[in-house]
Amino acid sequence: MSVHPTQTLSLSQYLIEEQLKLPQATGDFTALMSHLVYAAKIVSREVRKAGLLENILGATETVNVQGETQMKLDEYADKVFNHTLTRSGHLCILGSEEHEETVPVPNGYKIGKYTIAIDPLDGSSNIDANVSIGTIFSVHLRKSPAGTPGTLSDLLQQGSGQRAAGYVLYGSSTMLILCTGKGVSGFTLDPSCGEFILSHPDMQIPETGGIYSINEGNYNYWSDEVKNYIRDIKSIEGGRKPQSGRYIGSLVADFHRNLLKGGIFLYPNDTKSTKYPNGKLRLLYEAAPMAFIAEQAGGMAVTVYGERILDLTPKELHERTTLVVGSKKEVEHFLKFAPKKS
């Protein structure tokens with residue numbers, strides 16, 4: 001069933017209303033978000049028909065900077081977001097999971113005052129299984145002088161300083177979850193009018209939840225502390241109700257379910273591979289934006305050692321971290337088991 005745009009609030013209307021509340025607003029942020037959303041709509045369209053097009057679905061021969069084989073849709077999404085955002089006139093520099101170095105604004109285009117760090121297509125290894133995937137982004141205000149090309153230091157800022165963060169979930173419907181530091185709002189794409197409509201205002205994650213999300217296939221490689229925590233929440237001692245395990249393998253999808261229903265998502269480090277001693281998720285464009293959303297929705301986000309994610313400042317573009325995020329009381333319970341950082 002389609003939603004009539006005159007009876008509800010579109011994302012465009014929402015952004016303008018928020019802009020009018022700030023006397024100092026210039027409209028730059030609103031315009032930047034419009035470009036990002038435009039790119040997301042294009043990617044959403046391709047995701048929906050990916051199974052029909054042989055040249056969109058599946059892997060390419062290239063390997064990205066993370067050492068991961070790029071899926072064709074991954075590559076496509078990266079090109080769409082890069083082209084749209086760097087030519088928007090509101091961005092000074094872009095950081096992407098798919099590029100080893102930062103992506104500058106092309107010659108001849110206006111240099112703006114914002115930075116964006118982005119994972120163009122999170123969970124892309126699940127594309128051919130038709131599992132929900134998504135785009136994650138983080139927005140900062142530049143630190144370098146206005147009008148000059150952006151620098152890496154403009155991107156490497158503490159998570160608590162984010163001007164906005166969000167994700168687009170490409171699932172049974174396409175949703176945008178947006179946080180500008182004043183709560184969390186959810187928008188659903190109405191295909192009949194091509195607009196994101198405010199469907200989930202003032203989102204709050206339940207304080208507790210009965211769901212835990214972790215890749216239990218790595219159990220034997222975890223620290224004893226993480227093993228003890230998982231055993232505890234699965235225990236039925238004393239008549240307790242054990243928590244239910246739900247793990248999709250797509251950060252956006254797992255986080256989104258827990259945001260709505262309550263629960264906890266964990267991605268600890270392990271000894272399975274020496275390649276990721278500090279965890280596998282990227283701090284700048286995965287952990288930090290999700291932490292920003294979680295805290296604004298009343299939840300918590302920490303490393304496996306109990307450090308607040310938003311207090312961390314990345315030292316490099318693709319810095320990795322552990323992540324424990326979700327309902328406040330569930331994360332607090334995890335902290336009782338958290339290992340000490342050596």
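Any Cβ shown, glycine's included, is placed from N, Cα and C.
Some features that Swiss-Prot has for this protein:
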BINDING   Glu97, Asp119, Leu121  Mg(2+) 1 binding site
BINDING   Asp119, Asp122, Glu286  Mg(2+) 2 binding site
BINDING   Asp122, Gly123, Ser124, Ser125, Asn215, Tyr247, Lys280  substrate binding site
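Structure with Swiss-Prot features highlighted.
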residue : record                 : CB count, 10 Å
Glu97   : Mg(2+) 1 binding site  : 24
Asp119  : Mg(2+) 1 binding site  : 29
Leu121  : Mg(2+) 1 binding site  : 30
Asp122  : Mg(2+) 2 binding site  : 29
Ser124  : substrate binding site : 24
Ser125  : substrate binding site : 17
Asn215  : substrate binding site : 16
Tyr247  : substrate binding site : 16
Lys280  : substrate binding site : 19
Glu286  : Mg(2+) 2 binding site  : 25
C-beta crowding around Gly123 (substrate binding site), within 10 angstroms: 21
Round to a whole number and give the Cα-to-Cα distance in Å for the pair Ser124 (substrate binding site) and Glu97 (Mg(2+) 1 binding site). 12
Just give me the nearest neighbour of Tyr247 (substrate binding site) among the binding-site residues Glu97, Asp119, Leu121, Asp122, Glu286, Cα to Cα. Asp122
C-alpha spacing of Asp119 (Mg(2+) 1 binding site) relative to Ser125 (substrate binding site), in angstrom: 13
Spacing of the two Cα atoms, Leu121 (Mg(2+) 1 binding site) and Asn215 (substrate binding site), in whole angstrom, works out to 20
When distances run from the Cα of Asp122 (Mg(2+) 2 binding site) to each of the binding-site residues Glu97, Asn215, Lys280, the nearest one: Glu97
Spatial neighbour of Glu97 (Mg(2+) 1 binding site) that is closest, considering only the binding-site residues Gly123, Asn215, Lys280, Glu286 and their CA atoms: Glu286
Under a three-state reading of DSSP, tell me whether Lys280 (substrate binding site) is helix, strand or coil. coil
Tell me which of the binding-site residues Asp119, Gly123, Asn215, Lys280 ends up closest to Glu286 (Mg(2+) 2 binding site) in space, Cα to Cα. Asp119
Could you measure the widest C-alpha to C-alpha distance across Asp122, Gly123, Ser124, Ser125, Asn215, Tyr247, Lys280, the residues recorded as binding substrate, and give it to a whole number of angstrom? 17
Rounded to the nearest angstrom, how far is the Cα of Lys280 (substrate binding site) from the Cα of Asp119 (Mg(2+) 1 binding site)? 14
